[in-house]
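According to Swiss-Prot, the domain 'Ubiquitin-like 1' annotation covers 1-76, on the basis of sequence analysis. Here Swiss-Prot flags Lys48 as ubiquitin cross-link. What Swiss-Prot records for Arg54, Arg72 is site 'Interacts with activating enzyme'. Feature annotation from Swiss-Prot assigns site 'Essential for function' to His68. Positions annotated as domain 'Ubiquitin-like 2' by Swiss-Prot, on the basis of sequence analysis: 77-152. Marked as domain 'Ubiquitin-like 3' by Swiss-Prot: 153-228. The annotation domain 'Ubiquitin-like 4' is assigned in Swiss-Prot to 229-304. Sequence annotations record features per position, and here Swiss-Prot assigns domain 'Ubiquitin-like 5' to 305-380 based on sequence analysis. What Swiss-Prot lists as domain 'Ubiquitin-like 6' is 381-456. If you look up Swiss-Prot, you'll see 457-532 marked as domain 'Ubiquitin-like 7'. Feature annotation from Swiss-Prot assigns domain 'Ubiquitin-like 8' to 533-608; the stated evidence is sequence analysis. If you look up Swiss-Prot, you'll see 609-684 marked as domain 'Ubiquitin-like 9'. Here Swiss-Prot flags 685-760 as domain 'Ubiquitin-like 10', drawing on sequence analysis.
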Amino acid sequence: MQIFVKTLTGKTITLEVEPSDTIENVKAKIQDKEGIPPDQQRLIFAGKQLEDGRTLSDYNIQKESTLHLVLRLRGGMQIFVKTLTGKTITLEVEPSDTIENVKAKIQDKEGIPPDQQRLIFAGKQLEDGRTLSDYNIQKESTLHLVLRLRGGMQIFVKTLTGKTITLEVEPSDTIENVKAKIQDKEGIPPDQQRLIFAGKQLEDGRTLSDYNIQKESTLHLVLRLRGGMQIFVKTLTGKTITLEVEPSDTIENVKAKIQDKEGIPPDQQRLIFAGKQLEDGRTLSDYNIQKESTLHLVLRLRGGMQIFVKTLTGKTITLEVEPSDTIENVKAKIQDKEGIPPDQQRLIFAGKQLEDGRTLSDYNIQKESTLHLVLRLRGGMQIFVKTLTGKTITLEVEPSDTIENVKAKIQDKEGIPPDQQRLIFAGKQLEDGRTLSDYNIQKESTLHLVLRLRGGMQIFVKTLTGKTITLEVEPSDTIENVKAKIQDKEGIPPDQQRLIFAGKQLEDGRTLSDYNIQKESTLHLVLRLRGGMQIFVKTLTGKTITLEVEPSDTIENVKAKIQDKEGIPPDQQRLIFAGKQLEDGRTLSDYNIQKESTLHLVLRLRGGMQIFVKTLTGKTITLEVEPSDTIENVKAKIQDKEGIPPDQQRLIFAGKQLEDGRTLSDYNIQKESTLHLVLRLRGGMQIFVKTLTGKTITLEVEPSDTIENVKAKIQDKEGIPPDQQRLIFAGKQLEDGRTLSDYNIQKESTLHLVLRLRGGIQA
């Protein structure tokens, strides 16, 4: 298709593009036509600056759309904006940018309207019409963002389908205003809305305060229908949308109505009825879809995404996120929505507690995933729940909690529906309506969880001897459950089993459905042979502890053994081996820790801090550290984030190269200090590969490497099979048999990785 690009001089350029072209590809085409380097181009559409890694279709840019080209004059710089939640945002700016421009950039990143932003620098509030240079704001300065809330409040509107909408309102809003807000969110015309509160229908001319509707009140929305018929559309998240349609409506019309209600572009929608995908040009009556039929909506996705957060009260919050958001960012968004401080939030996914510094994509959290939010309560008590697989779950409870509440908490942690749970204590099955104190269950008591199963599917497990075992399972079974079933059949203890599917080792806490294991899939069973061994753990005080372990023990198990010996809670322990911080879910053998190896134990003192690391490419990385962290620890964190081996890193602060064995506090490195990272290269060269999620991978290559070799290196790092990879450079797709030097790809060039998804759909 053709699009137009209009420059500030009034000149209009015509480009030939595809909807799947990235903004970067478009900039390369502009460079071909006009000679303007991509890093000096800023493209604007519908008032929004376009990001390199996103595609034209992500921004709904269609044929004959006009983009605006603004030039970034040399002397761009980065500044930081710190919010009250402690989150730090990085912005690309020019000294000549106005405060208004900066607020618009913050809106693009964080979604906060400019009129709710107050920016503070050097204790002074900044005025919209002034520039950064007026205030002497230079590169790497930190501004502080304070929100101006205006006496508004939130209310909820519940529809007959069970969907709950959240609205921002004022007590002085009329019912008419509220209906207009519902129309903005849901596309329902006001004249089809009836609002009910406390059993009373609300009149248009009256205000919320007339009806004593206060913050977090729930109104009920009933539709007044006329003609036509209703059908339901069910999404993968279980949400049901109600549509008003005619039998003669085409599938295309239906997708347009879904777009009006939910904002999902038609080209991202696939509709299924009676197991069949519906074609755009056909009508509802062609498919015999009648009133109150239910269609299923499956999304073809790319770019930003929605996730859900479910609280223990059953409330579900919807968040707009990117796969590259950290858990810390997510907690800040929850604080913005719900007012819960991040340090009281624990987020659980697939039965695992999520760590602040990791990203959503690290945990394979995808669009429309549901996280569970558990509050760390002051008071209360802890109890343990032991499953038949030997796994122990820790719950925060009150003595007055009912058994039903406890089962709900187990569901939040493990995803097991309450009606499949039986809880046993002191040999007795516990009844739903009774409380923990009725059964004299006290702090640190252990309950036993037995599952009642139903339904399910068969899978096969193939051993190295060629024997195939058949198992009855549920998609919601954890890998741990599967190992317990193998133990029942074959007598092999779970801790000696490693299960492999699609070339990947399966982790105990994840479920079969997490790995997309379906009926009649075949898993491969590899045995971990016994051999207990001793390792040593050395503390900063010089004390050495001896532990009895197995190579298959996880780092979590090791921390539990240290807690048994020394009383140090696992969440205050950081274990270091060979200069690398060890992750809870990995095993000793994953890190090649052998008998009589020595680990180093560093305590996480409350009161970590953030520092910044700036690379030669201008990229800034944010790290969570302690003043007591060694330079070695910091390099390990950089390796975790960027994949750069510690022995290739040189860190510079205040003009001095930092030595591995010294700590941050030795060098007086304080919160928000910026270190500089210089790479020591040996032979070869480095290139960068940028994914659509914005993640950048660093690869060591030779100019003579083929594109095929490069794809193999990406597979080693990211696990993406070569036949699903398309590599783009300077707007051109690279062919497997050609070399990097054929394409003039030099050191520190950036390639773009686009995935080819099974079934010919491109993401």
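Quick reminder: no glycine exception, Cβ is built from N, Cα and C everywhere.
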Which listed range (1-76, 77-152, 457-532, 533-608, 685-760) shows the maximal number of Cβ pairs under 8 Å with respect to the domain 'Ubiquitin-like 4' (229-304)? 1-76
On average, residues of the domain 'Ubiquitin-like 8' (533-608) score a pLDDT of 82
Any contact between the domain 'Ubiquitin-like 10' (685-760) and the domain 'Ubiquitin-like 2' (77-152), i.e. 3 or more CB pairs below 8 Å with pairs at least 6 residues apart? no
Where, among 77-152, 305-380, 381-456, 457-532, do we find the most CB pairs under 8 A to the domain 'Ubiquitin-like 9' (609-684)? 77-152
What is the number of residues in the domain 'Ubiquitin-like 10' (685-760) that are helix, strand and coil, as DSSP sees it? 21 helix, 29 strand, 26 coil
